[in-house]
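Let me begin by presenting the structure, written as structure tokens, before commenting on it.
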Amino acid sequence: MFHVSRYLNTIIIGVETDFTVGDRNHHLDEFLLFCLSLGQFLFVFCLAAHGRFAQKLLTDLFSNYTNALRPVEDTDYIINVTLQITLSQIIDMDERNQILTTYLWVRQVWMDAYLTWKKEDYDGLDTIRIPSSYVWRPDIVLYNSADDEFSSSMETNVVLRNDGQVMWDQPAITKSSCSVDVAFFPFDVQQCHLTFGSWTHNGNQMDLINALDSADLADFVPNVEWEVLGMPAKKNVILYGCCSDPYPDITFTLHLKRRASFYIFNLLIPCMMISFLAPLGFYLPADSGEKVSLGVTVLLALTVFQLLVAESMPPSESVPLIGKYYIATMTMVTASTALTIFIMNIHHCGPEARPVPEWAERFILNHLARICFVSEVGNNCLSEGGGGAGRKEILVKTRCVCQHHGLRKNVEYIASSYQDQKTAQLRIGEWRKVAKVMDRFFMWLFFIMVFFMSILILGKAI
């Protein structure tokens with residue numbers, strides 16, 4: 001201190017004497033450096049003083065303290081615990097096992113009657129931070145926990161205030177059971193409940209208070225699959241059958257909406273494109289031999305997509321929306337394949353087949369052909385009128401030229417066989433015309449069905 005005083009006197013005397021401007025500036029710079037060094041020394045000295053007072057405070061507080069009992073002056077008093085949840089991240093949603101994994105920040109605040117002090121006695125020290133194992137902690141747990149180890153929480157410090165307030169911020173990775181409803185998958189909205197409450201203390205010993213009306217979502221990390229719509233909080237007081245005392249709890253309801261873009265581009269659109277191939281089987285020529293093969297191939301492709309969806313869904317009685325769409329499409333493809341086989345049987349009718357009924361000729365070949373834009377159906381070149389004229393011409397020539405009776409009978413037999421052959425060809429042609437009109441009719445019908453089914457399933461996404 002003597003050297004500090006002498007240095008200050010030298011600076012002051014030097015300023016008052018007739019120093020040059022350069023000398024005066026030099027002494028002022030030295031004075032500023034001295035003040036900076038003195039400030040650092042005083043700051044370190046104050047910290048050391050606070051450290052000594054904090055050590056003394058910790059010794060005084062916990063000399064006769066126990067963390068095994070509720071910190072109340074009277075056992076009839078109720079200790080109030082304020083609970084606040086901050087949702088930081090949704091780690092995983094396991095629909096098959098119905099387990100939601102989240103990363104939470106849990107804040108608990110309560111008053112400890114035995115951890116108070118006067119800050120004037122400890123150099124103005126009003127808060128200290130100590131390990132949470134030193135103080136009494138409320139046994140608040142997640143009721144619907146699905147964690148098999150119960151070790152997902154982290155031991156952190158608590159903040160003690162001089163008025164006895166204890167604040168405990170604890171990060172935790174929780175696994176909770178969540179009832180997943182997949183009825184509208186992949187356009188579903190889920191509600192997962194997280195219920196927090198004391199495991200041993202009833203409402204007459206410890207009460208829970210909501211810090212906010214909902215969980216804090218300010219620091220939430222967006223999830224690629226789920227969109228968080230909200231997480232409201234509600235306090236419940238439940239009377240269990242085993243006990244007459246009330247047990248309060250706080251339930252946070254997490255509202256989740258699935259982001260359906262991934263499933264639309266990977267499951268729905270490929271299924272729709274495959275579904276539009278099924279009606280084209282009716283457009284294939286019957287003689288190509290690929291009509292039934294196309295329907296079976298489409299059916300197998302849809303079966304593969306349905307298995308992909310079934311692997312990720314929980315086994316339940318509720319069939320997801322995309323599963324209903326696959327089942328409806330597979331039913332349609334199966335029906336189209338069966339109708340294709342029926343129409344091919346009509347197309348390949350032989351000469352021994354009966355003539356086309358009059359009602360079928362009137363309804364299918366006339367009206368339905370116009371509706372389905374089948375313009376090829378008309379009078380065939382092998383018409384009955386042409387055959388009759390040819391027969392008459394042959395008969396006239398036979399009467400005029402052929403005088404021999406046996407030769408005339410042979411010529412008439414040849415003419416009759418030729419006419420029967422043309423009649424059989426005409427009958428086969430008519431059945432083929434019926435099959436072609438039916439092909440076009442069912443092609444347009446199934447196209448309309450696929451279109452409306454696609455509109456209905458995509459309408460859920462809008």
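For all residues, glycine too, the Cβ spot is worked out from N, Cα and C.
Automatic, uncurated: that is what TrEMBL annotation is.
Under the heading domain 'Neurotransmitter-gated ion-channel ligand-binding', TrEMBL lists 55-259.
Annotated domain 'Neurotransmitter-gated ion-channel transmembrane' per TrEMBL: 267-378, in sequence order. Each residue in the domain 'Neurotransmitter-gated ion-channel transmembrane' (267-378) gets a DSSP state, and the totals come to 79 helix, 0 strand, 33 coil.
Summarising the annotation, TrEMBL assigns transmembrane segment to 31-49 (among others).
Residues annotated as transmembrane segment in TrEMBL: 262-286 (among others). With a cut-off of 8 Å between Cβ atoms, the residues of this chain six or more beyond the transmembrane segment (262-286) that come close are 185-186, 225, 292, 294-295, 298, 301-302, 305, 308-309, 322, 325-326, 329, 332-333, 336-337, 339-340, 343-344, 347-348, 432, 435, 439-440, 442-444, 446-447, 450, 453-454, 457-458, 461.
Annotation source TrEMBL lists transmembrane segment at 292-313 (among others). A Cβ distance under 8 Å defines the sequence-distant neighbours of the transmembrane segment (292-313), meaning residues of its chain 6+ beyond its ends; these are 95-96, 182, 185, 267, 270-271, 274-275, 277-278, 280-281, 284, 320, 322-323, 326-327, 329-330, 333-334, 336-337, 340-341, 344.
According to TrEMBL, the feature transmembrane segment maps to 325-346 (among others).
The annotation transmembrane segment is assigned in TrEMBL to 441-459 (among others). Listed by sequence, the residues of this chain that lie at least six past the ends of the transmembrane segment (441-459) yet keep a Cβ under 8 A from its Cβ atoms are 264, 268, 272, 275-276, 278-280, 282-283, 321-322, 325, 328-329, 332, 336, 339, 343, 368, 371-372.
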